[in-house]
DNA sequence: AACTCGGGGCA
DNA sequence: TGCCCAGAGTT
């Protein structure tokens, strides 16, 4: 497990690599962000952005999603995969927004998480990006990076990873750190081919040293 | 905890 | 071709 000092070092180095990491999903308002994040589950944001460009031109508010046949909505998001679940969830979500929130997007994590298609990760992202609430959303990148570096344990659940990060990172750095870890995981500490050879964190990274040793042996 | 949804991107 | 992707819901 990394010491507090090592974690500080790691966060600072990652911050130097990606000083202006941000949410890459296109959105003009909380509602569009919410839809975009729900659509982004298990597919890349670049792919989602291709669809949302036309989607947000056509669907401006929760009512618009309910005023077309389900098949039409499915067809509009077909190319991102998992479209049957996502289209149904979005319609259910829009119904809830209209019935319970006057057509607006609720701003707290607890309320967001109750919406169809919105889990802990999506709720954290929307609360953080759209409403400025401190949050660390643990997706596959954040989880992988945290475990490789040794910020948390390999067997930790997603929720345990989130708790550990919140405990070890100052609250006012949560949102920024979240996006930086995602950039670091996406572009450098990649799932398949992490670039350990040119990584500034190699000295403190358990997994990186293991990989380099294995490579030297081969 | 394991399984399913799923087309696109990349090696 | 095969494997993975900025997850969530169900069993």
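Positions of Cβ are set from backbone N, Cα and C atoms, glycine also.
The [4Fe-4S] cluster site recorded in TrEMBL comprises A:189, A:196, A:199 together with one of A:152, A:205, namely A:205. Sorted by the number of other CB atoms within 10 A, the binding-site residues A:189, A:199, A:205 start with A:199, the lowest.
Under a cutoff of 8 A between CB atoms, and with a sequence separation of 6+ in the same chain, the neighbours of residue A:196 ([4Fe-4S] cluster binding site) are A:202, A:205, A:208, A:211, A:212. Residue A:189 ([4Fe-4S] cluster binding site) falls within neither a helix nor a strand when secondary structure is assigned with DSSP, and so counts as coil. Per-residue confidence over the domain 'HhH-GPD' (A:39-187) averages out at a pLDDT of 96.
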